[in-house]
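The structure's right below; bear with me while I get my questions together.
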Amino acid sequence: MPTVDDILEHIGEFNFFQKQTFFLLALMSVAFTPVYVGIVFLAFTPDHRCLSPGAAELGRRCGWSAAEELNYTVPGPGPAGDAFPRQCRSYAVDWNQSALGCVDPLAGLAANRSHLPLGPCLHGWAYDTPGSSIVTEFNLVCANSWMLDLFQSAVNVGFFIGSVGIGYLADRFGRKLCLLVTILINTASGVLMAVSPNYTWVLIFRLIQGLVSKAGWLIGYIQITEFVGRSYRRTVGIVYQVAFTVGLLLLAGVAYVLPHWRWLQFTVTLPNICFLLYYWCIPESPRWLISQSKNAKAMRILKYIAKKNGKSLPASLQSLRPDEEVDEKLNPSFLDLIRTPQIRKHTLILMYNWFTSSVLYQGLIMHMGLAGSNIYLDFFYSALVEFPAAIIIILTIDRIGRRYPWATSNIVAGAACLASVFIPEDLQWLRVTVSCLGRMGITMAFEMVCLVNAELYPTFIRNLGVLVCSSMCDIGGIITPFLVYRLTNIWHELPLVVFAVVGLVAGGLVLLLPETKGKALPETIDEAENMQR
């Protein structure tokens, strides 16, 4: 009986149908960007200070500039580790006293301002930004800053739960159905988040978006790798992720034009509704149908692909028969990911590498410290680093294979973290260069783990395997901010030491995986078990 790869060699491995399908699914990859990293703009925390109505009134009478009001009325920075930074406190004085003059009004109350009593912000904050974010609208600063941490964690919690749950459903009920359902829920929850009246509802709809958006992105990745021939899998897998990088650049531009978070959220979410038209454009995966003993439907779709590609399906390849020529229908189970020794090894190594990629990717962004304070330019420049990573992968992956470029990228990222520890602070250009090198390395590792993950599992658990393993990426996303900031309190460079160890170990573990260059996707457990040989 011919395999799907055998049939695709005759009807086209990457002809008109595959190119059209890839373009449509790549648009979904672009649209996923705002959900994954849009928090940079949605929850941007600008410079802010306590509002003091009395001080503001005195400033208006005296004709103070904004800088003078800030200098006269806002306390200076507290000692290192102060639990109440200057933005979170105000002078507890009566600003209506007639003794207060217009030049350094507090000088008459105390020779040293540090002796003046301080109190909490009772009248809110003034934010130095022309737009708005969730932080400025709901005042998620100072005592309420934990609510911002919760908002940032909610989407990653949703990613984690959705990856496992929807991954199982996609392998059980089909790629197409789950893809369309995730598109619908993602669009509805994103729009509702944009019009939510309070923080609680924003948090709920953000969590729902997380539950479905990443799962939908990964289902699209699985679909395109199952539609193309083996010689094109790596290219479409990498370019599908490059589409995500394009989304990063577009997001920076849209956020610059729309600095108000509600309009930004609405603008980047509403176009997703167009993806529901994919019901008529993208068929079910024939590989999944064969794994479910639905060979007749699979053959109809393969004939449809041949027709779209302007090819004819030879009679000798139309040998798929339902029921009597296939084993019983296979239903995916989480136990299938650890039941057999080789697949169990693959699962554990892939889970660790997903975790490593997430921790280093986000951690290096936190430590890069790009010059300047323009959030839009900083975001844009950091995204540009990802394009050379994709080019390097495309140039090396078919010549060298998967394992060695993947292992090298992890080792480079880990080595860059370790080197940064020993670079003096006055050599800022060198620190930035090494950080960019590490960012490029871990970006390559991120793209490689997504590509190889799909190649190591048999068809009937492929979607489940990718989504379960990638769920460790979400665990990494949840803990990375706490890892960075807590360890920094002990020693500023300690997070980089941890990143270096984690990255170097990941590079070594990759070498224990089988090489998948030029190999057909495994269809059964036995084929996956024998890949190492």
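Yeah, the Cβs are placed from backbone N, Cα and C, and that goes for glycine too.
A quick note: this is a predicted structure, and the numbers were derived from the prediction, not measured.
Okay, so TrEMBL annotates it like this:
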{"type": "DOMAIN", "residues": "103-518", "note": "domain 'Major facilitator superfamily (MFS) profile'"}
{"type": "TRANSMEM", "residues": "21-44", "note": "transmembrane segment"}
{"type": "TRANSMEM", "residues": "150-170", "note": "transmembrane segment"}
{"type": "TRANSMEM", "residues": "177-195", "note": "transmembrane segment"}
{"type": "TRANSMEM", "residues": "201-224", "note": "transmembrane segment"}
{"type": "TRANSMEM", "residues": "236-257", "note": "transmembrane segment"}
{"type": "TRANSMEM", "residues": "263-282", "note": "transmembrane segment"}
{"type": "TRANSMEM", "residues": "348-367", "note": "transmembrane segment"}
{"type": "TRANSMEM", "residues": "379-397", "note": "transmembrane segment"}
{"type": "TRANSMEM", "residues": "404-423", "note": "transmembrane segment"}
{"type": "TRANSMEM", "residues": "429-452", "note": "transmembrane segment"}
{"type": "TRANSMEM", "residues": "464-484", "note": "transmembrane segment"}
{"type": "TRANSMEM", "residues": "496-513", "note": "transmembrane segment"}
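How buried are the listed features, and what sits near them?
Non-local neighbours of the transmembrane segment (263-282) in the same chain are 20-21, 24-25, 27-28, 31, 34, 38, 41-42, 176, 179-180, 183-184, 186-187, 190-191, 193-195, 223, 251, 254-255; each lies 6+ residues outside the stretch with a CB under 8 Å from one of its CB atoms.
Beyond its flanks by at least six residues, the transmembrane segment (348-367) meets 382, 410, 413-414, 416-417, 420, 435, 438-439, 442-443, 445-446, 449, 452-453, 456, 465, 468-477, 479-481, 483-484, 495-496, 499, 502-503, 505-506, 509-510, 512-513 of its own chain at Cβ-Cβ distances under 8 Å.
Sequence-distant contacts of the transmembrane segment (404-423), counting only residues of its own chain at least 6 positions beyond either end whose CB sits under 8 Å from a CB of the stretch, comprise 353, 356, 360, 364, 367, 389, 392-393, 396-397, 430-431, 434-435, 437-442, 444-445, 448-449, 452, 493, 496-497, 499-508, 510-511.
If one looks beyond the transmembrane segment (496-513) by at least 6 residues along the same chain, the residues whose Cβ comes under 8 Å of a Cβ in the stretch are 345-346, 349, 352-353, 356-357, 359-360, 363-364, 367, 403, 406-411, 413-415, 417-418, 420-421, 441-442, 445, 452, 456, 483, 487.
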Report the listed stretch (150-170, 201-224, 379-397, 429-452, 464-484) having the maximum count of Cβ pairs within less than 8 Å of the transmembrane segment (177-195).
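By the under-8 Å Cβ criterion, the transmembrane segment (177-195) pairs most with 201-224.
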Counting Cβ pairs closer than 8 Å, which of 21-44, 201-224, 379-397, 464-484 has the most of them with the transmembrane segment (429-452)?
379-397
